[in-house]
Amino acid sequence: MGKVILVTGVSRGIGKSIVDVLFSLDKDTVVYGVARSEAPLKKLKEKYGDRFFYVVGDITEDSVLKQLVNAAVKGHGKIDSLVANAGVLEPVQNVNEIDVNAWKKLYDINFFSIVSLVGIALPELKKTNGNVVFVSSDACNMYFSSWGAYGSSKAALNHFAMTLANEERQVKAIAVAPGIVDTDMQVNIRENVGPSSMSAEQLKMFRGLKENNQLLDSSVPATVYAKLALHGIPDGVNGQYLSYNDPALADFMP
């Protein structure tokens, strides 16, 4: 049997690319995905058949996470890797306009849902000496105008990766930033939250990246995530936060 891999946020962007790359790299891989929108999940199911299975639901609800884990164990008897990809950017707001409830909602999605999923899946991951790959962001340690909620949630995720790697020796963990990728999030930055909430200088920077064709295709970082999930996280980078193109990850690049 091939690897059995859980991936969150598979309906679009990097998450969908991770699924596509996994199947292109290994014909025996099985993926269990979760997202809120069923239509894109149905398309993946139609494309990949009995290699792809899915759960529709809100990842902030433990019942959905348990359903995902239970489906994989019941269907294929194990979980080899987990790729925690799902996340949101908003609220994008200056510190003078902070809406704490909006921050809490973001943290529920970007951080606490992942902590919960790891906790639920950990007994199965320990059986396979599994891997947990966290999709982080350069915003964790770089300032982007009004991205306090998003950036800090990714910093928390990085620390959780380090904690997991040190406290559970049977499972490896890594947090990897994908670079600036040509996804719907970038469209939202250029057209919505950027004009309304970000500095003119940084909005110009993001628009320039698109105009100059400097945004990454999602398949590039997706390949790194997929290979880490398939081949395992090397001991030398276990518990670390790295960029997708860090020399330590050269063997995982496209």
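For all residues, glycine too, the Cβ spot is worked out from N, Cα and C.
Swiss-Prot names N85, Y150, K154, V181, T183 for binding NADP(+). Of V4, V7, the residue it gives for the same site is V7. The DSSP secondary structure for N85 (NADP(+) binding site) is coil. A straight line from the CA of V181 (NADP(+) binding site) to the CA of S136 (active site, proton donor) spans 13 Å. In this structure, V181 (NADP(+) binding site) is part of a beta strand by DSSP. Around the Cβ of T183 (NADP(+) binding site), a 10 Å sphere holds 20 further Cβ atoms from the protein chains shown. For the pair K154 (NADP(+) binding site) and S136 (active site, proton donor), the C-alpha distance works out to 6 angstrom. Taking every pair among V7, N85, Y150, K154, V181, T183, the residues listed as contacting NADP(+), the largest Cα to Cα separation comes to 20 Å.
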